[in-house]
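K.L.:
Take this structure, written in structure tokens, and hold onto it; I'll ask about it next.
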Amino acid sequence: MDLNLNRADYLQVGVTSQKTMKLLPASRYRATQKVVVGDHDGVVMCFGMKKGEAVGSDVMYEIEVPGPPTVLALHNGNGGDSGEDLLFGTSDGKLGLIQITTSKAIHKWEIRNEKKRGGILCIDSFDIVGDGVKDLLVGRDDGMVEVYSFDNANEPVLRFDQTLSESVTSIQGGCVGKDGYDEIVVSTYSGWVTGLTTEPIHKESGPGEELKINQEMQNKISSLRSELEHLQYKVLQEREKYQQSSQSSKAKSAVPSFSVNDKFTLNKDDASYSLILEVQTAIDNVLIQSDVPIDLLDVDKNSAVVSFSSCDSESNDNFLLATYRCQANTTRLELKIRSIEGQYGTLQAYVTPRIQPKTCQVRQYLIKPLSLHQRTHFIDHDRPMNTLTLTGQFSFAELHSWVVFCLPEVPEKPPAGECVTFYFQNTFLDTQLESTYRKGEGVFKSDNISTISILKDVLSKEATKRKINLNILYEINEVSVKHTLKLIHPKLEYQLLLAKKVQLIDALKELQVHEGNTNFLIPEYRCILEEADHLQEEYKKQPAHLERLYGMITDLFIDKFKFKGTNVKTKVPLLLEILDGYDQNALIAFFDAA
């Protein structure tokens, strides 16, 4: 019997990847099914057919989670007892469970990433402990595998963790290696499939079993040795073939190809960017170049040796040149940087693996004008806000492209509709930004004058490039300056105290050696000596942190008076003197009197 099928085009979305479309189960009230499809623009579309037309389903509600979600899975594989429980993992390493009801979402539990581990790439539910309750299996992009069990209150408890040398791309529980022994099977970025099995390495052997075990081990070793010899022979053959072809007069230079798995994400917890580079073969070195000022922060997991080259920022726009030389068999490198808002440009990574002939790949990452801002769903509307209003002959798409240029985590494609509102939070200062725009008008509100100043300068420049005339109006709320200074106060006070303690450590150690004990010291100084290693480590992790805070206060001072048409740069040295002998009231009084 012939099969005849006729094509019917329903809808076109953005570019799609594999396994990004599903049909929803048919309901009792409707014979036809709905379609859900996700595209590269970050849009998830759900539609059904009605009278021959595709029918923009309405979003029931949105749920805010503590970071950009990278993986979703039904709890226990079936949604738990209610069938509504959804597990999520985020790019900054957080894990949580939400109950999705018909009317609202209920946050059940959340695991913060206190140990600063990698982002979550995969999760599964499987009873690996063997107590009849499914455990939660987690794979992270730093190679960490975790197992969480659930206590009597259904709260997750970490039961096992182990680090592999590369990112874990898939994870599942089952029985593969030997009957009767469950295991966790994972695949890694470069292609390794590995099991973490419950089978013990050292077994209790009864009479006569020891010989059997030894024979099994010898057979396994013999098989591995044979496989290794075969691989070595194949490598030798291929090497000879390559050398012969390269010496031939007709030979063409062949550059070996290799894939780079990279990720550049903003960490909300410490207002820094993580740059993760992973290669399928060992990395020889990575050169980091930036045309804007950035700080490189220490990463505990990074064993590479870093060296810095001098830069001439005036003649060639190089503010940073650093080379990371990796140890043997390193396939993954993690860096942390902190940018300065208002300074925008490009960060480039030149990745060179340990392969012959030598080759290199370049990866580029944009440092945006408001690079330390992160999308959020809600802001505090009771804060004192400054307002920037832009009007002119520009389209909705044009203004959206300017917002994409300025801020992270905004989709490239303009959202559906005639108007859109995005909320942002500054991860360093906790100030906020509200942006609402439509064709011909954009309104930006922030409790930080410097944020408004940066937006005004950048958006004006972008409009000028496109020869678009902008009408710019701004309303400055004087109360917002004091508000921002109060937000900065605890951070500045902590950093000043930390710097003071670190400066005292060497002198206190000399006194301790000279006197033979610390009994003569006041409790405060004894405490500094006891915590010396921790204090120095904390200070080392935050280079230029104090200078950054000084810079933000200076920018706030200049921006406040810039909107009044007054240039106060000559008063900056006096401001820095006040900061060196910091007193919050004196600083606020200086801002008011200047």
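From the backbone N, Cα and C atoms, a Cβ is placed for every residue, glycine too.
Pulled these features from TrEMBL for this protein:
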- 56-198: domain 'BBS7 beta-propeller' (DOMAIN)
- 214-241: coiled coil (COILED)
- 256-365: domain 'BBS7 GAE' (DOMAIN)
- 373-474: domain 'BBS7 platform' (DOMAIN)
- 478-591: domain 'BBS7 helical hairpin' (DOMAIN)
K.L.:
Count the residues of the domain 'BBS7 GAE' (256-365) that DSSP assigns to helix (H, G, I), to strand (E, B) and to coil, and report the three numbers in that order.
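P.N.:
Secondary-structure breakdown of the domain 'BBS7 GAE' (256-365): 4 helix, 60 strand, 46 coil.
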K.L.:
Taking a Cβ cut-off under 8 Å, which residues six or more beyond the ends of the coiled coil (214-241) line up next to it in the same chain?
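P.N.:
Hits for the coiled coil (214-241): none.
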K.L.:
Within the coiled coil (214-241) only, compute the mean pLDDT.
P.N.:
85
K.L.:
DSSP helix, strand and coil counts for the domain 'BBS7 platform' (373-474)?
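P.N.:
Its residues divide into 28 helix, 37 strand, 37 coil.
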